Amino acid sequence: MERCSVAQQFEDRFHRKFYYLRLSVTDVCNFKCTYCLPDGYQPSGQKNSSFLNLSEIRRVVKAFADCGTSKVRITGGEPSLRKDFTDIIHTVASTQGIKRVATTTNGYRMEKHIGEWKEAGLNQINVSVDSLDPRMFHQITGENKFHQVMSGIDRAFEVGFEQVKVNVVLMKDLNHNELPAFLHWIKHRPIQLRFIELMQTGEMDTLFQQHHVSGVAIRNHLIANGWLLKVKAANDGPAQVFVHPDYQGEIGLIMPYEKDFCASCNRLRVSAKGKLHLCLFGDRGVELRDLMQQDDQEPDLIARIQSELQTKSVSHFLNEGQTGMTPHLASIGG
């Protein structure tokens with residue numbers, strides 16, 4: 001099949017173009033993070049073999065690439081729990097048109113495997129580190145793995161990553177007062193530290209009410225102390241990224257409750273079971289897997305995605321209390 005013309009690039013009725021695919025490859029996670037899976041992963045009764053296989057991944061990524069997608073983030077659950085994770089990276093990275101291959105991980109396998117992931121084609125990595133206090137890290141994640149994760153980040157730099165992105169979910173009374181420690185940590189390290197506001201999902205209403213805190217106070221502190229806002233590239237995510245001449249690291253803020261947060265939306269999501277999600281907080285998933293079984297199904301796969309895109313909402317409407325069907329962030333890859 002010939003590559004889509006620019007006019008056929010994935011675009012919705014609000015003229016938002018989609019350069020970025022978040023592809024979940026598993027729902028399984030070995031951590032028990034308070035804000036995601038506090039009781040740990042609960043199997044649905046289906047075998048892990050029900051997750052997308054390599055051939056299905058190759059076909060769906062090619063369809064997205066043929067319509068303008070240039071960045072793929074491999075997510076979970078914890079994606080590195082897949083035994084074929086390195087093969088998945090290679091499959092995505094080998095797809096014509098894909099320029100950036102990223103993953104989001106809890107970091108527990110990084111120290112041992114980050115070199116082979118990089119060799120397979122991974123060129124961006126995000127690691128979840130919700131506290132620099134090992135005891136608080138344990139409390140939030142349910143796992144005593146802080147030093148293991150830190151060693152994995154160090155190893156990423158050793159094998160040649162120029163920058164590591166670190167995700168921190170902001171939570172009142174848990175980690176919201178750790179900004180000074182985080183700033184000290186990134187002063188001489190090329191880390192983009194990303195503070196993410198706690199988001200309300202179907203199973204987390206009480207947690208949200210107890211621990212949600214806005215990132216506005218952090219933003220005001222940064223601006224008052226000489227941090228400057230960077231200009232976004234087309235396929236960048238929603239983070240407002242700040243830089244400072246005295247710091248090697250950067251600070252990103254992801255604040256989904258901000259006005260116009262969705263105006264620059266550039267990503268679509270495919271779940272580990274092959275459903276298209278137009279929004280993290282959407283009210284349904286659209287079956288794509290039946291059109292991932294043969295190479296010659298690509299025109300139909302693209303047509304279905306294009307058609308569904310025209311139903312994408314202008315906003316997530318979180319401010320109006322609409323949290324959609326997402327029970328927790330692990331279910332469609334965050």
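Every residue, even glycine, has its Cβ placed from backbone N, Cα and C.
Quick caveat, the model's predicted, so the values are computed rather than measured.
Look at Swiss-Prot and you will find Arg22, Arg73, Thr104, Lys165, Arg267, Leu268, Arg269 tagged as GTP binding site, backed by sequence analysis. Note on Lys165 (GTP binding site): other Cβ atoms within 10 Å of its Cβ, all shown chains, come to 19.
Per Swiss-Prot, the feature [4Fe-4S] cluster 1 binding site maps to Cys29, Cys33, Cys36. Secondary structure from DSSP puts Cys29 ([4Fe-4S] cluster 1 binding site) in coil.
The 10 Å shell around the Cβ of Gly77 (S-adenosyl-L-methionine binding site) contains 26 further Cβ atoms across the protein chains shown. The feature S-adenosyl-L-methionine binding site is assigned by Swiss-Prot to Tyr35, Gly77, Ser128, Met199.
Annotation source Swiss-Prot lists [4Fe-4S] cluster 2 binding site at Cys262, Cys265, Cys279. On its own chain, Cys265 ([4Fe-4S] cluster 2 binding site) has Arg16, Phe18, Pro238, Cys279 as residues at least 6 apart in sequence with a Cβ closer than 8 Å to its own Cβ. Following the DSSP three-state reduction, the secondary structure of Cys265 ([4Fe-4S] cluster 2 binding site) is coil.
Annotation source Swiss-Prot lists domain 'Radical SAM core' at 13-239, citing sequence analysis.
The Cβ of Arg267 (GTP binding site) has 19 neighbouring Cβ atoms from other residues within 10 Å, across all protein chains displayed. Counting every protein chain shown, the Cβ of Tyr35 (S-adenosyl-L-methionine binding site) has 23 other Cβ atoms within 10 Å. Within 10 Å of Thr104 (GTP binding site), counting C-alpha to C-alpha distances, fall the following of the binding-site residues Cys33, Tyr35, Cys36, Ser128, Met199: Ser128. The Cα of Arg73 (GTP binding site) lies closest to that of Ser128, out of the binding-site residues Cys36, Ser128, Met199. Sequence-distant neighbours of Cys33 ([4Fe-4S] cluster 1 binding site) (same chain, 6+ apart, CB under 8 A from its CB) are Ser128, Asp130, Ile140, Thr141, Gly142, Val169.
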